[in-house]
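Residues or ranges marked as active site, nucleophile in Swiss-Prot: Asp51. According to Swiss-Prot, the feature substrate binding site maps to Tyr109, an assignment based on sequence analysis.
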Amino acid sequence: MRIALGIEYDGSRYFGWQRQREVISVQAELEKALSRIANHPVSIQCAGRTDAGVHATGQVIHFDTHAIRSESAWTLGLNSNLPPDIAVRWVKEVDETFHARFSATARRYRYVIYNHNYRPAILGSGVSHYHETIDAALMHLAGQCLLGEQDFTSFRAIGCQSKTPWRNVTHLCVSRQGPYIVLDIRANAFLHHMVRNITGSLLLVGQGLKPVEWIAELLAAKDRNQAGPTAKAGGLYLVDVDYPAELALPQLPLGPLWLPDSAPGTTSF
């Protein structure tokens, strides 16, 4: 049988999602725990591989097993065997044609900035700290030119291995909640470092270092060297993955869970 899981993790101490030799990864920890509960070796597939230091509240994975367990037994057993910074949020048996990556229709990320004179001691690894004055409204305005199906060459990592730079961004909102600035973005898929590169460029607009029109000029230039710096990994969260409605996968609050979903720009769209 095939089982899908919703996963949350703090990526601070991991060298990314993907299993690697001699360094810790989220995938390796999950496969180790799953293999223990299933009592056989388990290999997993995910909806989106996150980089070192990047977090998730809405990662989705699937695996195949012949072990018979209730959904609650999988959840409780896994959470008892996983490290404290990885947790299972839901479990559901799915059809064998389901694939965590290829069945997905969209991904959604949030980038959380703590905009304050002083760095935070609590949540320090879960936000990106900027002490400069930042205008979130200008960032939001500048980002609207990124909506639609477009060539995002200017915002892809130099080493990105995707065959095409074209992506379809269906939602982009930047809002402020007290000292927190949240960039909320959804697309059919993302290029390597795309969200962090967009964030880094929008921050230059928010700080008054570049005009609002600059983002549209960057998009048209198709040149990564002209864009802003890559924003730090610690503020980025994979918060949701969309699937066809007929799959009836659980829908939970997007997170990060300490961020009020009632805040402007962070509710469901």
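Placement of Cβ uses the backbone N, Cα and C atoms for every residue, glycine included.
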Can you check which residue among the recorded positions Asp51, Tyr109 has the largest number of Cβ atoms within 10 Å of its own?
Tyr109
Using the alpha carbons only, what distance in Å do you get between Asp51 (active site, nucleophile) and Tyr109 (substrate binding site) once rounded?
13
